[in-house]
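*Asks:* Per TrEMBL, the features are:
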type     : residues  : note
TRANSMEM : A:61-89   : transmembrane segment
TRANSMEM : A:95-116  : transmembrane segment
TRANSMEM : A:143-162 : transmembrane segment
TRANSMEM : A:189-209 : transmembrane segment
TRANSMEM : A:260-279 : transmembrane segment
TRANSMEM : A:335-354 : transmembrane segment
TRANSMEM : A:388-407 : transmembrane segment
TRANSMEM : A:414-434 : transmembrane segment
TRANSMEM : A:459-478 : transmembrane segment
TRANSMEM : A:508-527 : transmembrane segment
TRANSMEM : A:547-570 : transmembrane segment
TRANSMEM : A:582-603 : transmembrane segment
Amino acid sequence: MAFFLAQFLTGLANAAALFLVASGLSLIFGVTRIVNFAHGSFYMLGAFIGIYLMEILPGHVGFWAAILLTGVAVGLIGAITEIIVLRPIYKAPELFQLVATFGVILVIQDLALMIWGAEDKLGPRAPGLRGVWRIFGEPVPKYDIVLIAITPFILFALWYLITKTRLGVLVRAATQDREMVGALGVNQAWLFTGVFALGSALAGLGGALQLPKGGADLLMDFNIIGEVFVVVVIGGMGSLPGAFIAAVIISVLNVFGVTYLPQSTLVLMYVVMAVVLIVRPYGILGREEVAGEHGQVGAPEQPIRPYGRTGILAVTLFIAVLALVPLFAEQFVMTLIVDMIVFALFAASLHFILGSGGLVSFGHAAFFGGGAYAAALLVFHTGTPMELAFLFAPLAAGMLALAIGWFCIRLTGVYFAMLTLAFSQLVWSLAFQWRGVTRGDDGLVGIWPSDWLNAPAPFYYFTLILGVGGIVFLRHVIHSPFGYALRAGRDSPRQAEAMGIDVKRVQYAAFVLAGVMAGLAGGIFVFSKGSVFPTVLEIAESFDALIVVFLGGVKTLAGGVVGAGFMTGVEDWLVRLEYWRLLLGLVIIAVVILMPEGIVGTLRTLWRRMRNDDEEVVK
Amino acid sequence: MLSVEGIHSYYGKAHILSDLSFEVRRGEVVALLGRNGAGKSTTMKSVMQLVRPRKGAVTFQGRDMVGEPAFRVAKCGIGYVPEDRRIFTDLTVLENLEVGRQPARKDAPHWTTEQLFEIFPNLSERRANRGKHMSGGEQQMLTIARTLMGNPALLLLDEPSEGIAPVIVEQMAATILRLKAEGLTVMISEQNLHFARAVADRAIIIEGGEKKFDGSFAELEAHPEIRDAYLSV
């Protein structure tokens, strides 16, 4: 019993930092509608800056002053980031900004590496709070008790700020209708910057506050971001008490999980999140998201046109050139192109549900990796011939999409995104922790194609036919009546329903189709590499696909494919350099700021302008 | 006080306002009349810079507003009450008023919450209620009160009589006359000619985004063909 209590107290203490970081993210999302992937990076900065300040500020006062100063410093960094990176792109399509925040992650990672080096740093102990107190005979670190004691004050301070001050009133008003707040004389730009700075400061505080229990390392950003998203979603977007409750649940669960179910620690919180979202789709204390209530005025949607004769000719020529590559190119060129095609098909399948269906999935890697693993497991365990195992990849991914989609499709917007993320993490942790079947992070190796394909040129053609075929097929679907129904459901679900379209069912079907296509890409992938590792199921893999789709241009058809080509090319060229993350991050941020419609979208707009196609519709 | 000269406004590619010019003088109440879709709301939004005119000038107290962000237009002394009300439904009445609060201005009447509660007694009873629990008429009162908290010199009221009960419409007319008496300049957009005539000194009629009439109500009476052509009475 006493041990139980001690465990519980550790969980509560861990909740303090988690709650701080999560409330910051929630605040930023509520007002700016930005899903800030870089929030974990601010947490990491808080840890490194905290250590630095604690070293130069001695004693009791120094320790706590260092924590507060860290908050201020990270808040300032957040403000600068917002002004430089996000301010120019608020008018871009919704969720586009998350690509920019992804660029920020990369930049901060390399900057942290440059400044603090690659070694993990141990956090300093809090002066005067080094030992333990015995509670019913069980040792509980003093610092834990202090954290538990101050968390309610933090919650109260934030609650007071949000409910009782003018700033809080403005923040809540802007969460609902920012344009109207502007029309009433409030400078939204500075309100946004202020909120972003405050949210970042909270992340920094969280990073500094956890130092005596942990430390600082370069993986902190990604490690916390998943947890923070889970907390915010379970608690309900924008709800502070919700974030607090969820932070406690997750932290306590983690502590007990480590003790009793060490094999399932990774998956536990995602299971909780999935259960909560299935029972309460908007989180414990969240409220329903109503589309369009935020006064966000986007440019009117451009209808997607099928390619004209020039377009088809250009694409045909391009494919013909690709078909001729093996005649003159070296092997590494073919390998690079195979990678590009695989990634392009994967991205195209995400682009299909995202662009035409309006469903932003944060967990699309589940189907890519799921397909890859399905084929690999068959080959590895049963020695199934490649031809059969390969067919199993899209099939299994489709089944997986059928199962995951059944839970996710009922949600919309960010909640849909988060539930897909939860399920993909489930799949990932299965692959990672079910060592008996998947061999964990040792991966499955020796998954080679049959002899007739086991050479660069034949496999190249195999990839070209299936990859291009898959992409062309998806395009056909978009221009079919099914595609019209899907787009109708995206643009106006109610109107579509009133016209007799079963929107959810159409979206479900599209989700499954996208899963099948991602699985196909996964199948090609595994036989091109001869192996598969859990990394193909990671969040980063899903995010890569998202970034590529947004970079290419959501509102265009070729966006996913062009984005994938661009990214594979740029990455191939950049990773040879030492600080390639920094450069890639800067490239991403630059593209986002300079081309807010994505690469294809911006080129299209330029093309139209050049041809003076911008004929005015006179009323 | 406000002078709009030859503005052209668009929604995407749709040309909504075309070469629209008019003036609003200090202390008067002007009614902008026209049918649904005539461009009344777009005119209001173009003054407020919520829709940016591509051509033309909007000058308020000698300052060109075109291209300024909406918050600066508000700070210059133009208060805007949108037709769809857009109150913050999760905020209480008092909090809604707080969002609108701006420092006092020399050239405009100054309002406190207590003064506004005196003008809108219904709001006073509901000051701690959330916006979403209020009737349409009460919400309309709240948006006006909220905008007045910014102490505007010119008030833009977009279709204040739309969708509220007849009794409240009368109350609304009395309120507008009261605001005028306090020294406020008001521009209302209306489809309801009777309401407009009851509160306004002058009528501007637009149709298809172009101005068709600008003059007193007496002149308008004298030309019933204008009324029949551009207003649905």
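Here the Cβ of each residue, glycine as well, is placed from N, Cα and C on the backbone.
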*Asks:* Verify whether three or more Cβ pairs under 8 angstroms connect the transmembrane segment (A:508-527) with the transmembrane segment (A:61-89), leaving out any pair fewer than 6 apart in sequence.
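*Replies:* These two segments do not touch.
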*Asks:* Using Cβ atoms and a strict cutoff of less than 8 Å, what residues sit near the transmembrane segment (A:335-354) while being 6 or more residues removed from its termini?
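*Replies:* Same-chain residues near the transmembrane segment (A:335-354) but 6 or more away: 322, 325, 360-361, 364, 367-368, 456, 459-460, 463-464, 466-468, 470-471, 474, 477-478, 507, 510-511, 513-518, 520-522, 524-525, 528, 544-546, 548-549, 552, 554, 559-561, 563-565, 567-569, 572.
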*Asks:* Report, as numbers and ranges, which residues of the same chain sit near the transmembrane segment (A:189-209): CB under 8 Å and 6 or more residues beyond its ends.
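*Replies:* For the transmembrane segment (A:189-209), the sequence-distant neighbours (Cβ-Cβ under 8 Å, at least 6 residues beyond its ends) are 16-21, 23-25, 27-28, 31-32, 36, 39-40, 42-50, 53, 66-68, 70-79, 81-83, 86-87, 90, 147, 158, 167, 170-171, 174, 181, 216, 220.
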*Asks:* Report, as numbers and ranges, which residues of the same chain sit near the transmembrane segment (A:414-434): CB under 8 Å and 6 or more residues beyond its ends.
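*Replies:* Tertiary neighbours of the transmembrane segment (A:414-434) are 29, 35, 226, 229-230, 233, 237, 263-264, 266-267, 270-271, 273-274, 277, 281-283, 289, 359-366, 369-370, 373, 400, 404, 407-408, 440-441, 534, 537-539, 542.
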*Asks:* By Cβ distance under 8 Å, which residues at least 6 away from the ends of the transmembrane segment (A:388-407) in the same chain are close to it?
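*Replies:* Residues 274, 277-278, 363, 366-368, 370-372, 374-376, 378-379, 419-420, 423, 427, 449, 508, 511-520, 522-523, 526-527.
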*Asks:* Are there three or more C-beta pairs under 8 angstroms joining the transmembrane segment (A:95-116) and the transmembrane segment (A:547-570), sequence spacing 6 or more?
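*Replies:* Contact between the transmembrane segment (A:95-116) and the transmembrane segment (A:547-570): present, because at least 3 Cβ pairs are under 8 Å.
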*Asks:* What same-chain residues lie close to the transmembrane segment (A:260-279): Cβ under 8 Å, and 6 or more beyond its ends?
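*Replies:* Same-chain contacts beyond the ends: 227, 230, 233-234, 249-250, 253-254, 407, 411, 415, 418-419, 422-423, 425-426, 428-430, 432-433.
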*Asks:* Mark yes when the transmembrane segment (A:508-527) and the transmembrane segment (A:459-478) have three or more Cβ pairs under 8 Å (sequence separation 6 or more) and no when they do not.
*Replies:* yes
*Asks:* Which residues of the same chain, at least 6 past either end of the transmembrane segment (A:508-527), have a Cβ under 8 Å from a Cβ in it?
*Replies:* 338, 341-343, 345-346, 348-350, 352-353, 356-357, 359, 361, 364, 367-376, 386, 390-398, 400-402, 404-406, 408-409, 447-449, 453, 459, 462-463, 466-467, 470, 473-474, 477, 482, 486, 536
*Asks:* Within the same chain, where does the transmembrane segment (A:95-116) have neighbours whose Cβ lies under 8 angstroms from its own Cβ atoms, ignoring anything closer than 6 residues to its ends? I mean 6 or more beyond.
*Replies:* 32, 34-42, 44-45, 48, 81, 85-86, 89, 216, 218, 221, 360, 543, 546-547, 550-551, 554, 579, 581-582, 584-589, 592-593, 596
